[in-house]
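A.B. asks: Just lifted these from TrEMBL, have a look:
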TRANSMEM  B:9-28  transmembrane segment
DOMAIN    B:70-284  domain 'ABC transmembrane type-1'
TRANSMEM  B:74-95  transmembrane segment
TRANSMEM  B:107-127  transmembrane segment
TRANSMEM  B:159-181  transmembrane segment
TRANSMEM  B:201-224  transmembrane segment
TRANSMEM  B:263-285  transmembrane segment
Amino acid sequence: MKTETTTKGSIPHYAALIFFSALFIFPLYLAFVLALSAWNTTPGLVPVGFHPENFKYATTLINFWHYTKNSIIICAITLITSTLTSGLVGYAFARIAVPGRNVLFMIVLSTMMLPGIVTQIPQYILFHNYGLLDTFWPWLFWGLGGNAFFIFMYRQFFSAIPKELEEAARIDGCSIFRTYWNIFLPMSFPVIATVSIMTFQGSWGDFMGPFMFLKQDHYPLATALSMISYKFEGQEDMILTSVSTAAAILLIVPVLVTFFLGQRYIVEGIVTTGVKG
Amino acid sequence: MKEKTKRIIAFYSMISPWFIVFLVFGLYPMMYGLYLSFTNYYGFNIKKLKWMGLQNYHKVFTDSDAMYSLGRTLYVTLINVPLGVAIGLGLAMLLNRPVRGVGVYRTIFYLPSIVPALASVLMWKFIFSSNNGVLNGILNLFGIDSVNWLGYDYATTSLLIMLLWGAGGGVLINLAGLKGIPRDLYEAASIDGASPFKRTFHITVPLMTPVIFFNVIMGIIGSLQIYMQPILLNGAELLARPIQPNYLYFVHAFQQIFAFQRFAYGMALLWVLFLAILALSVVVFTTSKYWVHYETDQEG
């Protein structure tokens, strides 16, 4: 299905794609080089020696799996609550016409503009007063609130579905909630996939939130890696750069894998929701 | 029960999780923070706060660190947003043509924006490192002298390079927009003999303005709030002060709050920026009718 316009100039096109790919992947390549290099060397474009055991040290010199477990807990809480709430709220805004709907939707959109830190610091004081610091409760609350951008995506998606579907369901005696749960939600798979992957990415990489609200034992991996440096016992002044780079790569792997597996749905999800509207 | 009542109950119960969380963990803390910004709260006196009126806000505008950091933040935003939006659009246009292995390119372009900030800074530090750093090594190959990338003169350039590396994050939204442009427009234009350059600037860009608009707004909001990257890039510790040119506004607020426990003043700093973001968004919104092209069948 190549047309005249696309075959023309396709060699410069591929050249551009490859050039930019190389540019974007280069830092990641260098990180690999460093992670495989001998300790305290400054390698260039190829590793100094070959030391895959750096990856093993990355998981053994600190309590790596304990922090990973914390990451998984935080991600699971956020993923389940945020994905469900955003869908429900998005559906209500898209399909149930009631007075006050547009004003409330403007509020949802305007919360996207709010710098997170404006609420985080007073939240810190409040959580402190209620004894919720150093617990995972805040993530449950935040998750239940959904996410403005995802609510927006769900709303766009559900708005595009023809009205007949609901009417058919109503004639069959479905309640509004059942209509959502049994008919609309299963249809929104591309959006669910997109939202889940994006939520996972955000929550897995977030290290500031946990840094503010948790203590070291409850840190997720991202926070732990930013606060704890890799050292050998007895050699406290020597920071093992190769090992911490290896750990950073391990931190990236789940994000990378989920994106690669889900990217088809993400593009589909964003195209069908038509964010540009 | 009447149909309308049923609908109202369904609507409000469905949005209630969001709405309750918004009230309790969004609006209330926000207002509480606003209140604190008018007090002398410094971490231990929560039980006996003193009302200071506008004193903290007055201090924001007379604090030379705050004004300096605001200038640096605007500078970073002014470069980061237009370049970032342009790169995101350009890359999406490259991906919007039928190519083999498009998924791989898409992943590679998008990848940097999903790498956790912590990991990406670690990589870039290694690239920018002045003695035997990779970037200097490459420059030397071309006979250019080494530069102290993380030093006073180049620290902001380095920060911008690092931020723009993540510009591929906009690719997906741009791609979605590009797929919405009818193909026959391009065909008609090529029949009329329009060059690819003309087609780009007379069809693609005007029809993409709604997406560009969205990216500009989100870009400004994101850029004004940068604080993690400068801190991680220059300081060994989270509470250490980054090198002067990378001392951005949010870094200053972060320092005041976490390093010096000046909570009330920190809240005033944050509120000033929040209001500035609001004002800026209003300006962009009101000018948008002159440059954003909307389809006529806008849904209400």
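Cβ coordinates are placed from backbone N, Cα and C, and glycine is handled just like the others.
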A.B. asks: Among B:9-28, B:74-95, B:107-127, B:201-224, B:263-285, which stretch has the highest count of C-beta pairs below 8 Å with the transmembrane segment (B:159-181)?
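C.D. replies: When the Cβ pairs under 8 Å are tallied, B:74-95 comes out ahead.
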A.B. asks: So which of B:9-28, B:107-127, B:201-224, B:263-285 has the most C-beta pairs under 8 Å when paired with the transmembrane segment (B:74-95)?
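C.D. replies: The stretch I would name here is B:201-224.
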A.B. asks: Do any residues of this chain, six or more beyond the ends of the transmembrane segment (B:201-224), have a C-beta under 8 angstroms from a C-beta of it, and if so which?
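C.D. replies: Same-chain contacts beyond the ends: 73, 76-77, 80-81, 84-85, 88-89, 93, 170, 173-174, 176-178, 181, 185-186, 189, 194, 249-250, 273, 276-277, 280-281, 284-285, 288, 291-294.
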